[in-house]
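Student: My questions will all concern the structure given below.
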Amino acid sequence: MLQTLYDYFWWERLWLPVNLTWADLEDRDGRIYAKASDLYITLPLALLFLIIRYFFELYVATPLAALLNVKEKARLRAPPNATLEHFYVTSGKQPKQVEVELLSRQSGLSGRQVERWFRRRRNQDRPSLLKKFREASWRFTFYLIAFVAGMAVIVDKPWFYDMKKVWEGYPIQSTIPSQYWYYMIELSFYMSLLFSIASDVKRKDFKEQIIHHVATIILISFSWFANYIRAGTLIMALHDSSDYLLESAKMFNYAGWKNTCNNIFIIFAIVFIITRLVILPFWMIHCTLVYPLELYPAFFGYYFFNAMMGVLQILHIFWAYLILRMAHKFITGKVVEDERSDREETESSEGEEAATGGGAKSRPLANGHPVLNNHHRKND
């Protein structure tokens, strides 16, 4: 049965155009062709990336955070309370008013004290500023190196300047070591992101991030199997061209360098819109959707590859919407912050106001700094 499934999975008609077989892609005359077995190395490489990331965050990102004066905001911890903790873990982090009243009777606390306890408890679970900075530093470093390396791999290739040459001789297109390592490293990195996503900072687009990582892994793997390597290298470099800008903007935001963050963000927004909403659909997807049909009839691999490209494009439109929302805030003079982030809740109860001196209502904070606007709301 396993052999039957194996034979169906690797059926040439799924992966290759008509009248071509895997025998046509066997190494010969010193020419090396992509093979599925090449991807075996990506699993140990992904685990290696996780190890490298651990030491990078510990010995590079943490000292850098101290150098940039990334400071943690002191958080008041929720006092131990078995009743409230059980509800928090089993029923929800934001109880409704009826539930607050019930918990108030069960715990012997006032309704306001119960609300304050849950607010503090939620803040305890939110990732620290240092954790966010270290993650952004790691991704910035990889994306920048990957973009430079990717451009070095493709800038001297004729298909970088003429998209029709992407399919010249397809699928009998041999690979070179630089293409191999570019593919393996990119694929391994996205696998490592998928492995660590449960422990990384969770943002509002958590589900979209999972879809993106899975679609990217499938797309890179399939493009290697089906020898879509020329198109694949162009697409990967295109994506890396803006990602490092976003991560650097986050780093400066966490460090409190607001003007630098805002300026880099505007550059990122421009690059993102141009690469993801113009170049990708009107050059790259056009290249993978139209030009192949001039050489051979459509087959399953053709449909599958372009379907995955469509999934990525939908995600790009979603993220472009968030980016434009942030850009609008910047233009209107509001603080630019990551729309996907969970904001830390502030304390403004009477007891805490007295403790901080004066009973003045505390302003909402963004990374430890007051947000200078009049649109904040009371929490109690």
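Just so it is clear, glycine is given a Cβ too, placed from its N, Cα and C backbone atoms.
If you look up TrEMBL, you'll see 69-129 marked as DNA-binding region. Annotation source TrEMBL lists domain 'TLC' at 131-332. Annotation source TrEMBL lists region 'Disordered' at 338-380. As annotated by TrEMBL, transmembrane segment applies to 45-68, 140-160, 210-229, 264-291, 303-324.
Where in this structure would I find these features, and how exposed are they?
Tutor: Under DSSP, residues within the DNA-binding region (69-129) fall into helix, strand and coil as 36 helix, 0 strand, 25 coil.
Nonlocal intrachain contacts for the transmembrane segment (140-160), taken as residues 6+ away from its ends with a CB within less than 8 angstroms of a stretch CB, comprise 56, 60, 166, 168, 178-179, 182, 185-186, 189, 230, 233-234, 236-237, 240-241, 243-244, 247-248, 250-251.
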